[in-house]
Amino acid sequence: MFVSYAFVVVICLCHVAAQENDNIPLSIVGFFDEENSIEQQTFELSIQKVNIDPKFANVYLKPEIKIIDSTDTYMTGLKVCETMESGIGAVFGPSHFESSNIVQSLCETMEVPRIDTSWENTPVENFNFYFNPHPEPTLLSKGYTAIVHDMDWKSFTLLYQRPECLQRLQDLIQDYSGRTKPNDKQVAAISIIQLPEGNNFRPILKDIKKSLEGHIVLDCDADLILTVFKQAKEVNLLDDYHSFIITSLDAHTVDFSGIVQNLRTNITTVRLIDPLSPFVENIVRDLNFVQQRMNLNMEPLKADKLTVNAILIYDAVNVYAKALKGLGMTNKIITEPLQCTNSPFIPWSNGFKLINFMRVIETEGLTGLLRFDNKTGHRSYFTLEMVELVDTGFKKIGLWDPERGMTYTRTSLEMLRDLYAGSKNKTFIVSTKITEPYLMLKEGHGRLEGNDKYEGYVVDLIQMIAKEINITYEFRLRSDGNGKRDKKTNKWNGIIGEVQEMRADLGVCDLTITHERRSAVDFTMPFMNLGISILFSKPEEPQTNLFSFTQPLSFQVWIFTATAYLGLSLVLFFLARITPNEWQNPHPCNPHPVELENSLSLLNCLWFSMGSILCQGSDILPRAFPTRLCAAMWWFFALIMTQSYTANWTAFLTSNRMETTIKNVDDLDKKGGTDGIKYGCVTDQSTASFFQNSDVNLYQKMWSVMELNGDSVMVSDNKQGVDRVKKERNHYAFFMESSSIEYEVQRNCDLTEVGYWLDNKAYGIAMPFNAPHRTLVNMAVLKLSESGALMNLKNRWWSVSDDKRCKDLKKDSAELDVNEVGGMFVILILGCLIAFLFSILEFLWNIRKVAVEEKLTLWEAFMVELKFVLKCHGTSKPVRHVEDSSSDITTK
């Protein structure tokens, strides 16, 4: 391929040589700051390539090189005028701002196209003979802004070298001006720092390290980039938690091989060309071939050393040649001697149409599609390649152009694969603390090493996450807890401080996600949801009373009821004797009885009253109106008393169940305080912050009480709070996360959770801001949550075996215990015993009577009656009659 191309070039050279007598070369002047620069080489080689390219058969250019001192504007102007006197077709350069203004002014006067390839914030409406293939400044600034947004940077530090850098990034600065950091509303989102003169940037880089800002935009010359990064590596700024965006379009010319080894920092830059693309390599090969054929004393060009100015010079020469070719089809373009020192000034006759034709050309160049503003000559379309520094060099990750915005060149799967690759060969430091059941020391841990010494929920959680994302880790214990913020220095200690200072990659324990902590560190999605609840003592089992059935009525009521019973029986007895309607004929068949009888004897009245109040009734009933009225009032009294007793006993049995002194936070507020049930929480942690920052009046009031009591109710950790609840039984309540309460309640049978959750929050894994492993850990936690692994893990460490589980002594049903109704059995047995005693007494009295009447001994009478009693059959008993001697004598 190379030989055939060379053969074509040789033929073209011969063809051009044959036409040299007919074509007058068009001189193009190039102004450069130093001799044999790569821009000068590219300028000469690009022109020579045009001369031998068959596409530009009617175009023949002659390069003129002028080395100038860009700071000497007067001499620069004289040299421009000298070149114009011999006739020129265009001016390339210079790049210095002041010199370029002088040259542009002369070109405007003489109507000679000036081609500039450097960044220049030129007013778009001022020049008519200006052409620049460099990306238009405002559009380029928008590209940088889009890249920063795409990286999802909420804040960053801008390091710049010269003031004009701020103009180049004007859109980005304006976009972030007025914003504040999402984690700290007191700090601006953008911090702008100028690099000092010289090569010592370590103090500034150390300050950035201390500021904990993880995003840095670097705008400086390409020859300074490597120095900045080497010193950044010395101050440990090139770690996992810092990211850089390099704005220099010449960053591809920098050799990063000295810092890419074991590089964990994300370094992103932009470029206009890919030096490794076949198209660019072919162009460079062609230019080097031209150099060899023309015997030019130059170093061979290398694609990865071509500066953006050199690349744009090549594109500009080609655009110029296309314009000449296009105009040469209808008009012959020739140069004319121009006088710019003496008036009147006669401009170049072909300059106006040439510059206008150049502005309307749309072509494919070395830097992609070239499209220009036909009024200003600025480049209106270009493509920025977004590349990331990896071990093997630069890797393309996206493209940006003014029309389509950001597009990606790698899939989400490739991005995820890159994240996994970035986590390899690193041991993650996990900051934690010893807290049951999250992390505990194993039995015999003194004989173990490393992570094997620990067990618990956190140990298993990190192990599962590490298995998901294929990382290694190491636990590091903190003795100062989760961490609290020093209000004077605004720094954190504990686990939060370790993560914030980036001494730990992960922080995990019973670490609640709060707004204050979120301002210091980043968090993964929650791995456990919970809320604040109340830990309190279980109510003591009520003491049982054998005669609890008497408690629904007071002792006085029982006395009054017994008195009423006896009084009513006596009143009824006397009324029955007074009223004549209660005396009835015992023999209804005899109309003229000799005597009347009354059934309401004293014993019968007592029996009637007892049966009525016990709702059993009686076969003895009053007949007269006075006695019936008295009985009706007694029945009414008995109805009210029995129903009242039943209702009160039911209420008594219900209220006598095991119930806590407090049922919710409202009860605690009413019964709490200095003289009642005291309550508190852990000092300076999430629960205390909840009460302190709450807008609810009840919680504000309770926080005031806790502040007032101070150390008498506040504790330093959960363990102290649990111990105090157990020690000060029913006199101290402890506010605690529900998950920890659940764990303690299952292992302490005298503790219980009271009331509802006061809030909803969650535990998360803390990470430094901008942690590259955040996405991986989040995905792992989400996968474990969806699969149910997190729930199983909690059940494993929270639940206890059946033999150790607390027996629930609280009665949830309405069943009565034998201890509560045993008194009634006692009364029943006692009544039966008394009845049995009276039956024995009556039996013995009857034996004495039988012995007297039948003239038997007491033993004989006893045996006769006992034999009859022991006969269990028969329901009748013969009556023994003893003849009276007096009655016999009378009869006789």
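Placed from the backbone N, Cα and C atoms, the Cβ positions cover glycine too.
Bear in mind that TrEMBL entries carry predicted annotations, made automatically and left uncurated.
Note that the coordinates shown come from a computational prediction; the quantities given were computed from them, not determined experimentally.
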Can you tell which of Cys749, Cys832 TrEMBL lists as bonded to Cys806 through a disulfide? Cys749
Position of peak Cβ density within 10 Å, selected from the recorded positions Ile662, Cys749, Cys806: Ile662
By DSSP, how many residues in the domain 'Ionotropic glutamate receptor L-glutamate and glycine-binding' (437-501) are helix, how many strand, and how many coil? 27 helix, 13 strand, 25 coil
Residues sitting within 8 A of the centre of the Thr512, Arg517, Ser686, Thr687, Glu737 CB atoms (L-glutamate site), not counting those, run Asn482, Asp510, Leu511, Ile513, Thr514, Gln685, Ser689, Phe690, Lys761
If one looks at the chain holding Thr512 (L-glutamate binding site), which residues at least 6 apart in sequence have a CB under 8 angstroms from its CB? Asn482, Gln685, Ser686, Glu737, Lys761, Ala762, Tyr763
Taking only the recorded positions Arg485, Arg517, Thr687, Cys749, Cys806, which one has a CA atom nearest to the CA atom of Ile662 (site 'Crucial to convey clamshell closure to channel opening')? Cys749
Count the Cβ atoms, other than its own, that fall within 10 Å of the Cβ of Arg517 (L-glutamate binding site), considering every protein chain shown. 27
For Lys783 (site 'Interaction with the cone snail toxin Con-ikot-ikot'), list the number of other Cβ atoms lying within 10 Å of its Cβ atom. 14
